[in-house]
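**Q** This is the structure I have questions about; it appears just below.
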């Protein structure tokens, strides 16, 4: 029997007996085909990078069904008789790019590009769903949701959403952001071609329709029974041989994303139950709806929306469907089944939303039990029963039509609190309530809660009985909520238990309040009425971007180089490079003890796992080499742990196997023997490090300078805040492409390393030092990186070095693609720190002195931590502190060495500054905006704090920008509106904040080479790496401008003749480090120098020519006369100040839901000084993307470690970066067209990192909203309102953090106040 399917219309036929049933579609696509657009990023269905379109033909309906799936979870055998369309299948460079690819490119919606193919397919699927009569009826609402499950770490999502919305039938073209199709204010949409579903490269192939027939697969490991009877026979046979035959029932296999151990289990039998008609049907009768267990959640949603019965009952099904749309992402709902979701809840205690809402709706479950036969159970009975046996099967789920008595009304609502409003996040708690109300009395009700840290969803029967027969009053409400305290109790070990428990009273209050006879008419209003909560506003934006024609094409919004290639998936990343013959694959064994003696390593049961070839450790370092994994100018770090581990996550060994899957599986089977006897306890905090004098030396020239006399400043102060403490945690880089490398041996003891790195030069040095061979034997090649943000600097070196060491030892190519969990654990994150400060200030709010003690956790090794102190102080100096002193200690702990991440140290510095300003404002009872403004720098104070970096007075734009953003954002008007909103809304509070930034950057020596080929085309090499920041694009523009100075015919078309090529450490030496936001400037300066040399060489030819000469003719003559048309140069900023300052301001307004703690960013207005932008489209993308990454740091991303330093939030399930639904709803950016600055590269300034700090405006606005909530709570509790304003809002300000500060008992406090107030009337 064969497995037959198509990929992009190409037929594939595999003998079923030769296919491992556990093989995923992604593995087949990436390792067995040439289609590389499908990317592995998380491997658990949480990111969308691997999304493909799956098409099935229904022979009965003669119809093709198209839907997206996550290929990392979809089993290959599940796609029998299906066509898979990848982004290459939509369009490509050979056959023509699809309009989606062009649109994403034209809207500047692709930066690193790793996520873009998945985005393309997700959008295409949404357009197909909305396709009517060959044109799209997609709405802007549907367009925004099209990519709501796809993650992007670069763009900030705004341009992606605009690209999606550009296909919508109801879009206002003036609402679309900067793009290459039409100008702002243009009303002609003819340049935006309508979507045509037929215009794609690949459609469902006719040959597959003939393949679809019933087959007998019972003799194979993969079985696809066609009836319940056939399935029953298979189950009985498996049960009879259960001691020797393991078995797995397969529907969508999406559970593997959450229960990752399933990947390692090799079952004897996989039984596909999706081809059984009875299990796929949805049947409606007079009693309700019966849904087959393998019906996908997406189909359930569609069916429930179509039910037409009495309005009350119809509303129940509509709300069930709406809630289900928040379960996982669309591409998971398309393949995940309703039965599978409930089985996970029953068997594995999965925190299911489905179980909770169906429990409230009174659902039944029909099962086929191997021991009891056919049974019909209430969902409650099903959940409470002992876990289903492997051979038991859920047949269907029944949802009844509720019939209420005459004159009674049905009320049904569902609720969930989760980090992401649109879904793709497990709930902290979910709930669903059904009530029948006659007149004003509750006849009966069903109250269900789940996902709060309990075995399964439950009904609160005690409260149901209490409410039955009662009219809802404040007193009844209070008593019902009081009863909840003994019911919704999370089990030990549940995260945020108090927060989860506090959500239950809020949800019940919301629901029961709608049933009250006379809803409260108090002022302020309660904010929850009979109307359902309004949906989140759609994303809107504006961009005010100056176009500079002075240095054309520099200054133009040129589309990013290779953006369409990235969208189609043809852009090649390291893991896309075809594996050489005999290639092996590696995976890291890392330490799980912070400080322990390593006794040895073996595998479980002392059996060598399948496919393992070798285990590489420090013992395999060759003679003459060193155990070095990272070597930079200021030090080195070891590749493997020696006799002792120094931190959790430290590399101990490198397992090499015949496949990546076997290597990863072997790591999970590895057992490291540790011993801690006679060892000192590990150092796990900065306090312990200081106590034990475990500190790294800070190089004197990197230690920041203090300003003024703080003792004098403190003496001049009217007020002082002494020894106040701030703690800051970490943040994971979360590039979409994890660490990856490929090492291939070459002749004469040489080796070629393909590395996804920001530092090819340092990778080269590290590999050479480890192998004990000269650096000219090591060639490091990097074409592009799927996101770096600093995480691909130091942390990329040991990955490449391990591959090179294994390749040299085994004399075979070795590659690795580090899985997401390992990457998160071994990469580390931002530097955690503890800050203690004392500050003196006048009664006006003017600050006179600031003293700080800063303890920075560098981890177990130095890395790039030496730069953190100066960066931190640099951003903190954005205010005039009068005098500034500090004692900074770089602490050496037994925690993982920290990575540097976008704005390293700077983002912490800006938070510290804002926390101090907020504290001063609270202590003086003054508006915080007043305190900020009064302490902004003059140019004189700026020069005192920043020395040469301050520049000339005309370069200091911050004070004018502060006023300008106040006007453009209507700040003062909105402050009044926010105040009025807070006075009239009890359960929602708003805050608004204006924040400045100053960001100092350094220029580095940067190499470049420009070569003109005989046909007039141009090749450019630079030391910098394209990470998505538009480096190649700006370099192309600069090359075109600089060579265009010749002003011969054809130079205006030079841009299309230029190609920037990959970085090669042997070809382009002194490449240094791509980071610090100035690589683009430095590279542009370097190629400009090269071009100036070429222009000088070509000028004599032009002068000797008779009349006008074209570019191609000029180059032909140059070749004929042996003119050197290749020029190299090294840009060095030695003749100018090596540093300059970047300025920006932002106003953000937020709204906080006091019941859940959810913060919605209503609007952000950014004004950023880019000088004269080299490419405003690229810089705009950098500003928005950086800001949203900062939003993650300040508001969303919880980096949680256990007491020994092991990362617990190690997956997309637990670590939540921003998504489409968490960015500002109104996102406005203006780029200030700064003046001319001769000492900078064409007067440009950096844009990559500084805007990240502006996200502090969201955090500060949230604090203002929380402050208003705390005032209200103090009033209810009869406490002094001023006590509620003195608090610190931690980072990140997640929902649990915000809710706790607003009051976990806010509902109870309100009701107690209300009852007490009424009793005094």
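Residue numbers in this text run from 1 along the chain shown.
Heads up, the Cβ atoms here are built off N, Cα and C, so glycines get one too.
Copied straight from Swiss-Prot:
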{"type": "BINDING", "residues": "42, 47, 50", "note": "[2Fe-2S] cluster binding site"}
{"type": "DOMAIN", "residues": "1-90", "note": "domain '2Fe-2S ferredoxin-type'"}
{"type": "DOMAIN", "residues": "215-404", "note": "domain 'FAD-binding PCMH-type'"}
**Q** With an 8 Å cut-off on Cβ-Cβ distance and a minimum sequence separation of at least 6, pull the same-chain contacts of residue 47 ([2Fe-2S] cluster binding site), or say none.
**A** 41, 115, 118, 150, 151, 736, 1212
**Q** Apart from 42, 47, 50, which residues in this chain have a Cβ no more than 8 Å from the mean position of the Cβ atoms of those residues at the [2Fe-2S] cluster site?
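**A** Going along the sequence, the neighbours come out as 39, 40, 41, 43, 44, 45, 46, 48, 49, 70, 72, 118, 151, 820, 1212.
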**Q** Tell me, if you would, which residue among 42, 50 (binding-site residues) has the fewest other CB atoms within 10 Å in the structure shown?
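**A** It is 42 that, of the binding-site residues 42, 50, has the fewest other Cβ atoms within 10 Å.
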**Q** Looking only at the domain '2Fe-2S ferredoxin-type' (1-90), how are its residues distributed among DSSP helix, strand and coil?
**A** 19 helix, 33 strand, 38 coil
**Q** What average pLDDT does the predicted model assign to the domain '2Fe-2S ferredoxin-type' (1-90)?
**A** 95
